[in-house]
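Per TrEMBL, domain 'Major facilitator superfamily (MFS) profile' is recorded for 15-398. Annotation source TrEMBL lists transmembrane segment at 16-38, 50-70, 82-101, 107-128, 140-158, 170-192, 218-237, 249-273, 280-299, 305-326, 338-355, 375-395.
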Amino acid sequence: MAFDGYRHGEAGFRRVSLALFAGSLASFGLLYCLQPLLPEFTRAFDITPAQSTLSISMCTAGLGVGLVFLGPLSDSIGRTRVIRWALIGSSLLTALCAVAPNWTFVLIMRALTGVALAGFPAVAMAYLREEVHAGSHARATGLYVGGNALGGLSGRLITGGLAQLGDWHLALIGTAVFTLACAVLVVVVLPASRNFHSTSRGLTESARAYKIVLRDPVLLGYNAISFTVMGAFVAMFNITGFRLESAPYLLPVGLAGLIYLTYPIGSVASALAGRWSDRIGAHSIIPIGAIIAIIGTTLSFAAPLWIFVIAVTVVVIGFFVVHAAASGAVAKRAHTNAMPVGSASAAYLFSYYLGSSVFGTTAGTAWHAGGWSAVGWMNLALLVVCLSIAILIRLRAREPAQLSS
């Protein structure tokens with residue numbers, strides 16, 4: 001009898017959810033763990049804020065490049081193998097980053113970490129689509145994206161707290177140990193693929209797969225949404241540390257890092273967005289998330305600290321609603337219209353991390369030029385574009401994909 005996927009409530013579903021949740025903790029913990037350390041890097045290496053943000057952008061750029069190749073590679077050698085080695089390799093590279101003798105070495109290690117990390121997000125959604133029953137897809141996706149939120153929180157809190165106790169070297173060693181433990185958990189509990197069928201593809205076939213998914217206007221719209229919403233989100237958090245350590249707040253790195261406690265709210269929002277997407281459709285949920293993020297960004301212009309904390313919280317909610325709904329919608333549309341799911345997910349995530357790389361560093365330049373006002377206006381522009389595209393997708397999301405060979 002054909003296996004139609006693990007259903008919610010089954011032991012296999014719990015194992016898949018736990019493994020992908022732990023993988024999300026590790027991958028997002030490693031990806032953004034350096035954000036609380038950016039002001040520290042400016043002093044330790046005598047660099048500018050814009051240069052310090054390159055430690056984030058190099059990692060996300062490497063991840064974007066890795067997505068292009070590791071998604072198709074998993075179609076050939078298997079999903080679970082790529083997932084396991086991605087998490088183990090990126091943890092070890094972060095440990096090497098902790099002993100960096102100079103800034104150039106930090107950037108090289110971060111770029112390599114990004115390439116290694118790409119194996120998890122490039123493959124996770126494809127694995128989920130293959131191994132989880134269709135009726136439980138949205139719930140599993142919500143849990144997966146929720147792990148992204150808590151991973152972003154844990155990585156930042158660990159580095160911020162350990163930097164307060166010691167220095168950035170200790171912070172990165174502690175993060176590497178935590179994420180390696182998550183990687184081991186994934187190796188132990190992730191079920192072997194049962195619905196995977198190897199499809200060894202050459203460069204020509206891989207290029208054709210990307211050509212197919214990039215020809216669909218709705219998928220292109222989702223890619224643009226991921227580019228803009230992620231750009232605004234990372235830009236905000238890259239500069240938040242600089243704002244909180246400046247007048248009138250003057251917060252130390254450990255205390256400023258507590259701003260990342262807003263992330264668990266994002267985890268809840270992503271899980272709810274997954275459920276709502278099942279009921280009314282992702283194309284109806286995404287505009288709501290974009291509007292929420294716009295409201296939060298507008299509030300962030302206010303000076304009082306308590307209002308700024310609320311503003312960041314609102315942006316976090318909006319971002320994770322958009323991302324949870326959009327990432328699930330990409331895989332669903334590709335699967336429904338017989339397009340390569342792995343390539344569709346990889347293209348979405350490439351746009352996602354390209355936005356992070358471009359606007360994460362641009363935010364440093366904006367901060368230097370005009371302070372938080374410049375950063376906030378840039379983010380508002382990105383989110384308005386995101387909302388506009390989401391509205392257009394809502395109008396045509398139910399149209400059949402236009403494919404041609």
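Glycine is treated like the rest: Cβ placed from N, Cα and C.
Residues 60-61, 63-64, 67-68, 70-72, 74-75, 114, 121-123, 125-126, 129, 206, 209-210, 212-214, 216, 219, 222-224, 226-231, 234, 323, 326-327, 330-331, 382, 401, 403 of the same chain, all 6+ positions outside the transmembrane segment (338-355), place their C-beta atoms under 8 angstroms from a C-beta of that stretch. Counting residues 6+ beyond its ends, the transmembrane segment (170-192) has Cβ neighbours under 8 Å at 6, 12, 15-16, 18-20, 22-23, 25-26, 29-30, 33-34, 37, 80, 83-84, 87-88, 90-92, 94-95, 97-98, 131, 154-155, 158-163 in the same chain. Proximity of the transmembrane segment (140-158) to the transmembrane segment (249-273) is established through 3 or more Cβ-Cβ distances under 8 Å for residue pairs spaced 6 or more apart. The average pLDDT for the domain 'Major facilitator superfamily (MFS) profile' (15-398) in the predicted structure is 89.
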